[in-house]
């Protein structure tokens, strides 16, 4: 595979001649016009929120309003959506509450058109990248056509989503590395540097849209390593020549992307400077940088005392607030007492009163304030409900080896199972508990367990908040808490500006929260998910719009199933070629056609690209959806186009006869006719279906539901 660089130089003159040929430009222009025409057609329909537009349209609005929020993806895609909205007259006022909400009087089309235009660029990108790798007009045209006439790719790139932006930067970086590898005759020239820098920047943008962009980084990294290995083998060149190439790639493909990536996060944190509903996922110190947050320019007592009203935030990354509400645990879930949970958002139900453990002691007698210290025993009374934080030997709702934590008592009066002992991390007797900065544990005095959160989501009866338990393991890593709000009018207030983190601290925490959020994504009740084995076979689609105007994400079955067949053929050809080459003499092996070898080498890289963008999903524990496969689908379609071109090249060049030419022309015609006609049949899935479902004879899609798992 590393030999592709030399093969490219062999064909460089052919490349220049072919590009000067009007045929090359005509094909590219036709494909580009068809791409943007098919994508922009009916882009304003349906005129309501479709699928994940409810998330990414809303996030675009938050950027416009500079309101902070939490999302599991890096920021670039949402920032670009917001920018496109601003440039096309959207003011960020639409709530994007749920799919199906009408866009009444809202300029939403600009954001859709922006995403659609990026999706339309996938076809010319495919054409150019395959041309640069193979110098075969047939391979480039067929590969681009397979992407062009896939109704699934069309559907996915017509809406306000991150996917068209991700796919755009993914293929842009692929074009960049392909163009760069074609510049071997002009090393360290202007074009060489331009395409190397272009690759690094678009690669960084790819990761800054979604973390799965790291698969593309790995792919480009492997291609770069192969090139450097080949350069190292040029014995006619000094070792300094290899070092120069290494340094150039290190700077442009590692240092530059890191700087670009960090730069986008700086812009992200600079724009989102106002408090929003995502504050609670981040540490107290992080929140202090957000305007409108209770900790921004906060002034509160430095030390915690008995009689203070406080909020407790779990100290793990993304930890929630200790929370309760009037609702009780249901039957057969421990004792039927008041629920205790963690909640990621600021709320009045997060407030607790710090009391002496002994009811005979009075709080702040004669205005004397007693500070809370390491080793003190306390009760915590939930302010809105006046029930005490309580634990007993009933098993917890989900983590059965832990004890249940409840709210117990009436008007602040309970029993001795309400008593907890405070320990400051690294502290000793007499150390005072400070707001924000002290990491504390609450150990149950009678049960000898520690208050913790399992980070497991409770069912709907607890509003899908997170489980709080009392763990017998006193070293539980999730058992640390910090006091965030600290209200006591009898103590002087101090400014907490000193605890505000710098940019790099916020950058690191943002990633820790995103990684944890990604890992914790679980399907919601009734949500349609899928498994990786279902994706290549087009087993099940996904509704983007229901009711009277249906949009259904599903791949063109002729293309998708054809990709599977051709991938099997490619692997058989690779095995056969490996055996033949092993049995041949070296002299005969050198006589293999350059053009055919170029096609096979390209197939090898495309197969690696497909595997890198698909196989890792099998190891992911998070919830997965059908649209996650489309990055791999693009490489699979390119592999199909190049493999078919390789087989057709064999037919065309092996002792040409009239019969072989007829077979060649017939196969080309059949392939294009099948792809185009199937696109015509299934295009209503992307452009909108109305009327009865496909199982009824008067349906426009009758007879096209080839699998029972398809739901249209």
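We count from 1, first residue shown onward.
Each Cβ is built from the backbone N, Cα and C atoms, and glycine gets one as well.
According to TrEMBL, the feature domain 'MIR' maps to 301-357 (among others).
Among the features that TrEMBL reports, domain 'MIR' is placed at 369-425 (among others).
TrEMBL lists 430-486 (among others) with the feature domain 'MIR'.
Taken from TrEMBL, the feature transmembrane segment covers 22-41 (among others). Remote same-chain partners of the transmembrane segment (22-41), defined as residues 6 or more beyond its termini with a Cβ less than 8 Å from a stretch Cβ, comprise 113, 116-117, 119-124, 127-128, 131, 137, 140-141, 144-145, 148, 154, 157-158, 687.
Residues or ranges marked as transmembrane segment by TrEMBL: 114-131 (among others).
Per TrEMBL, transmembrane segment is recorded for 159-180 (among others).
Annotated transmembrane segment per TrEMBL: 192-212 (among others), in sequence order. Sequence-distant neighbours of the transmembrane segment (192-212) (same chain, 6+ residues past either end, Cβ-Cβ under 8 Å): 73-77, 162, 165-166, 169-170, 172-173, 176-177, 179-180, 183, 186, 220, 248-249, 252-254, 256-258, 260-261, 264-265, 514, 518, 613, 628, 631.
Taken from TrEMBL, the feature transmembrane segment covers 218-235 (among others).
Under the heading transmembrane segment, TrEMBL lists 247-267 (among others).
Annotation comment: TrEMBL describes 558-579 (among others) as transmembrane segment.
According to TrEMBL, the feature transmembrane segment maps to 599-620 (among others).
Look at TrEMBL and you will find 632-651 (among others) tagged as transmembrane segment.
Among the features that TrEMBL reports, transmembrane segment is placed at 663-682 (among others). Residues of the same chain lying 6 or more positions beyond the ends of the transmembrane segment (663-682) and with a Cβ under 8 Å from any Cβ of it are 138, 142, 145-146, 149-151, 554, 556-559, 644, 648, 651-652, 704.
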Which residues, given as numbers and ranges, are at least 6 beyond the ends of the transmembrane segment (159-180) yet have a Cβ under 8 Å from it?
50-53, 56-57, 60, 73, 76-78, 80-81, 108, 111-112, 115-116, 118-119, 121-122, 125-126, 128-129, 132-133, 191-192, 195-196, 198-199, 202-203, 205-206, 209-210, 212-213, 216, 219-220, 223-224, 544, 609, 627, 630-631, 634
Same-chain residues at least 6 beyond the ends of the transmembrane segment (558-579) whose Cβ lies under 8 Å from its Cβ atoms:
146, 149-150, 152, 536-538, 600, 603-604, 607, 610, 633, 636-637, 639-640, 643-644, 646-647, 674-675, 678
